[in-house]
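A.B. asks: Below you will find the structure I want to go over with you.
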Amino acid sequence: METYKDSTQVSKSSLKKKIQGFGGFLSGMVMPNIGAFIAWGLITALFIKTGWLPNDNLSKLVDPMIHYMLPMLIGYQGGKLVYDTRGGVVGAIATMGMIVGASIPMFLGGMIIGPLGGYVIKKFDKAIENKIPTGFEMLVNNFSAGILGAALAIISYVAVGPVVAGASTGLGSIALAITNQGLLPLIAVVVEPAKILFLNNAINHGVFSPLGIEQVQHLGKSVFFLLEADPGPGLGILLAYSLYGKGSAKNSAPGAVIIHFLGGIHEIYFPYVLMKPFLLLAVIAGGICADLTFVLLKAGLVAAASPGSIIAILAMSPKGGQLPVLAGVAVGAIVSFVVASIILKGSKEKSKDNFEEAQNKMKEMKKESKNQTTANSENVKNNDELVSSDIKLIVFACDAGMGSSAMGESILKKELKNANIDGIKVQHYSVDSIPKEADVVFVQENLSERARKSAPDANIVTIKNFLDRSTYEGFMKKIKK
């Protein structure tokens, strides 16, 4: 019976990692191009007929950007994830065939054919490795990319494009039906727990963004851009901890409120929920009520808001659409706060041990980080050697490589500067894009396996909260010796 239980746990853990890996791959195609999406969203919000500054001439930018530029960028990034720049070029060529072969924006198509283009050229290069006559390398490399890219573009135009266009239209119809039937708020039952498992970027950019862009074509805005980006439920959790929490959780919550609500880094509140899993009820309740408010008030954004900051959300709101958006965010925050407050106050009265366990978890983070830096990989044999010669690159990695990891990078850079330690580069990356030459990698606990796969020779330091300075203090003590 014990063996069965263990194998089941391993199976669940493996499935979770696979889902996270797939989600990370999807978001990895979109996140580096978020600036382009924001540019398109701003131009749309400003210059279309119903925009803030209607301009028939400048509004001509809207359609080419959404039909050509954005899908091409996704296709290029998808190919690049599989096989660097060469894969990106073939992925972009293949995506172009799909764009021309369909009358709707091919975001889903770019996510499919871009990585496929990268995969095809990668396999081709491997097949002809060490078989090219000396002096013909450039000729073969250039023509192979051109020929394979052209072939994939034709296949995409003739066969794949129409199929994906049909699938995209079908998904759009399903999304519209769900909205019309009033079932959209129930999506929070899936979305909010999935966010806590670090699938937030995959959900937002892999699922909701394509659906949202499809809806924008018809309605000029979409509620799908708000479902994951809404900071309300997380804000309620942090406010409840600020008033009714204890110890380090209470002390750190007010600072986390600013980072979450204004900075848009939602990962900051995940550890607070993980400390008390019952708080999932609070974020789910807040999410349902917020989504219901969005639907009733016909709220929506013109493009994806990333990061999920209230500033970005308001910037992506259509003209006259700010109040419905703010109302939904406020309702989500209030409901989440009320439910979380009841849970926190109830747990204090009924069992102090529960909260003490949560505090012990926070203390364990410090011990764990100290042990992790010495035990995760046996490369850390002599701390003095690491300072003088071994550590050249420290990487902070999160799912998307743009939010919480950047905060950790900033904190450690200051620690190194204060300690007068030079010559160590500190950078942040997506967990699936960690450079092989990384010496030390700081990563969230449930992404550690993906980090080891990306950088097998690095020392992995697991961390629950990138704002927890105790981890960095322990690390600094070791490299100062």
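Yeah, the Cβs are placed from backbone N, Cα and C, and that goes for glycine too.
Pulled the feature table from Swiss-Prot, pasting it below:
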ACT_SITE  Cys398  active site, phosphocysteine intermediate
COMPBIAS  354-370  compositional bias 'Basic and acidic residues'
REGION    354-381  region 'Disordered'
TRANSMEM  34-55  transmembrane segment
TRANSMEM  60-80  transmembrane segment
TRANSMEM  144-165  transmembrane segment
TRANSMEM  175-195  transmembrane segment
TRANSMEM  283-302  transmembrane segment
TRANSMEM  323-344  transmembrane segment
A.B. asks: Taking residues 6+ outside the transmembrane segment (283-302), which of them lie with a CB under 8 Å of any CB in it?
C.D. replies: 41, 44-45, 179, 182, 184-189, 191-193, 195-196, 212, 215-216, 219-223, 225-227, 229-230, 232-234, 236-237, 273, 313, 316-318, 321, 323-325, 327-329, 331-337, 339
A.B. asks: Same chain only, please: residues at least 6 beyond the ends of the transmembrane segment (144-165) with a C-beta under 8 Å from a C-beta of the stretch. Say none if there are none.
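C.D. replies: Same-chain contacts beyond the ends: 86, 89-90, 93-104, 106, 108-109, 112-113, 116-117, 120-121, 124-125, 128.
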A.B. asks: For Cys398 (active site, phosphocysteine intermediate), list the number of other Cβ atoms lying within 10 Å of its Cβ atom.
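C.D. replies: By my count, 27.
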A.B. asks: Same-chain Cβ contacts of the transmembrane segment (323-344) under 8 Å, 6 or more residues past its ends?
C.D. replies: 226, 230-237, 239-241, 243-245, 276, 278-279, 281-283, 285-287, 289-294, 297-301, 310, 313-314, 317
